[in-house]
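Engineer: Sharing the record's features from Swiss-Prot:
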TRANSMEM  5-25  transmembrane segment
TRANSMEM  38-58  transmembrane segment
TRANSMEM  75-95  transmembrane segment
TRANSMEM  125-145  transmembrane segment
BINDING   137, 140, 166, 169, 198  Fe(2+) binding site
BINDING   140, 165, 169  Zn(2+) binding site
TRANSMEM  158-178  transmembrane segment
TRANSMEM  190-210  transmembrane segment
TRANSMEM  212-232  transmembrane segment
TRANSMEM  249-269  transmembrane segment
């Protein structure tokens, strides 16, 4: 178990640090490769949706039906699944639209923002975006950590998928802060800090959830994780992938992500 805990923390840290990668891309490239980003985000959504519905939801149902019986266990699984969706939806609800990490940002936005825009406003926008992404990343950290504790292979897949979708979030933080301050280091630091919410989520899961991890608690948490992952995929990843490129690339990425996840689960059984 100790080895799994260390791996789980490492995976959440890896996923969170991808926001810093996004800010570096914004600073050191002149154009956004929208086709690649669309394909990658679609792939990330495919991995998340497939592993959530085929692996995580099923494990949650098995744990709850074993503990509560078939009928009660299945109802509790459904409640946990949609409870996870409601949880992440409420987080999104209270994030201001201008700071929402769902808003697509491009590297070109660094040069596209007009100089007459108030710099204080841009700075506030960047800080609010960093806070919003931090809040948004917190439950993702819990989800990645708990998945890795139960099955490291599933945890690795989820961490990679989360890392991919954290890259454009890093761009969303760094663009307004860089333009407001002209300071790459400050923009990178705030982007980096927003990503640390994921390992903080993992730490909370370890300290508050792990000591009480009965079969019922495990099943409810895993059902909630599945709901969170599916909601993020449908509400964030796929729409963003389609906005980056309006062809079928996002759907090809989605199917590819599902296929890779399906094959890897079979090979790793």
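Cβ atoms are placed via backbone N, Cα and C, with glycine included.
Quick one: how deep are these features, and who are their neighbours?
Structural biologist: Using a Cβ-Cβ cut-off under 8 Å and counting only residues 6 or more beyond its ends in the same chain, the transmembrane segment (38-58) has close neighbours at 77, 81, 147, 151, 154, 157-158, 160-162, 164-165, 167-168, 222-223, 225-227, 229-230, 232-234, 237-238, 240-242, 244-245, 247, 249-262, 265.
Residues 57, 60-61, 64-65, 68, 101-102, 132, 135-136, 139, 216, 219-228, 230-232, 235 of the same chain lie 6+ residues outside the transmembrane segment (75-95) yet bring a C-beta within less than 8 angstroms of a C-beta in it.
DSSP gives residue 198 (Fe(2+) binding site) a helix state.
Residues 5, 8-9, 12-13, 15-20, 22-23, 126-127, 129-131, 133-142, 144-146, 149, 162, 166, 169-170, 173-174, 177, 217, 221 of the same chain lie 6 or more positions beyond the ends of the transmembrane segment (190-210) yet place their CB under 8 Å from a CB of it.
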Engineer: Quick check on the binding-site residues 140, 169, 198: which one has the highest count of other Cβ atoms within 10 Å of its Cβ?
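Structural biologist: Of the binding-site residues 140, 169, 198, the highest Cβ count within 10 Å belongs to 198.
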Engineer: Please list, in sequence order, the residues in the chain of residue 165 (Zn(2+) binding site) that are at least six apart in sequence and whose C-beta is under 8 Å away from its C-beta.
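Structural biologist: Non-local contacts for residue 165 (Zn(2+) binding site): 41, 44, 232, 236, 237, 240.
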Engineer: According to DSSP, does residue 165 (Zn(2+) binding site) fall in a helix, a strand, or coil?
Structural biologist: helix
Engineer: Who are the long-range neighbours of the transmembrane segment (212-232) in its own chain, taking Cβ under 8 Å and residues 6 or more past its ends?
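Structural biologist: Tertiary neighbours of the transmembrane segment (212-232) are 48-49, 51-53, 56-57, 59-64, 66-68, 73, 76-89, 139-140, 142-143, 146-147, 150, 158, 165.
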